[in-house]
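**Q** Mind looking over this structure? Questions follow.
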Amino acid sequence: MSSELNLKLLGTKTPYIFEYNKDLLEAFPNPNPNLDPLITLECKEFTSLCPITSQPDFGVVYIRYIPKDKMVESKSLKLYLFSYRNHGSFHESCINTILLDLVGLLEPKYLEVYGDFVSRGGIAIKPFVNYAIKEYQDFKEKRLLGAK
């Protein structure tokens, strides 16, 4: 079935890449494009490096989206998120890049990314960013107002 959907990673030996690589992301056709499910994906073991100190940063990344014609393949998403492991970038930049990469891949009706990072020096950073096509702008605004 993976070959029918043109998926390269699902069902194969996993090559773990720890340098940022958006080309790891894969999508498959949405089997129900007439429905509007809000899909939640959660990565509880997200890590990246502080671009100043090179110290590791840890957090949970939440991705919620309403698909249009394509859906993200979860193994490719896991490998993509793991590719941030040795990537030096601020939390906000990581979250923005994840959103842009997924929007570029999926062209969804709506997509949001929220990062809940472990505090450093007593400060917790929790960036939130969202995107919507024209017909979902009201939903986007309501979600933004309700962001944690």
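All positions are counted from 1 along the displayed chain.
Keep in mind that glycine also has a Cβ here, set from the backbone N, Cα and C atoms.
Quick paste of what Swiss-Prot says about this protein:
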ACT_SITE  C50  active site, thioimide intermediate
ACT_SITE  D57  active site, proton donor
BINDING   V72, E73, S74, H91, E92  substrate binding site
**Q** Look up E73 (substrate binding site) in the DSSP assignment and reduce it to helix, strand or coil.
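**A** Note: E73 (substrate binding site) is coil by DSSP, not helix or strand.
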**Q** Identify, in sequence order, the residues in the chain of D57 (active site, proton donor) that are 6 or more apart from it along the sequence and have a CB within less than 8 Å of its CB; answer 'none' if there are none.
**A** T47, S48, L49, C50, H91, F117, V118, R120
**Q** Substrate site residues V72, E73, S74, H91, E92: biggest Cα-Cα distance, Å?
**A** 24
**Q** Counting every protein chain present, what is the number of Cβ atoms, excluding its own, within 10 Å of the Cβ of H91 (substrate binding site)?
**A** 21
**Q** If you count Cβ atoms within 10 Å of each one, which of the binding-site residues E73, E92 comes out on top?
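**A** Highest number of other Cβ atoms within 10 Å: E73.
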**Q** So if I measure Cβ to Cβ from S74 (substrate binding site) and keep only same-chain residues at least 6 apart in sequence, which ones fall under 8 Å?
**A** L41
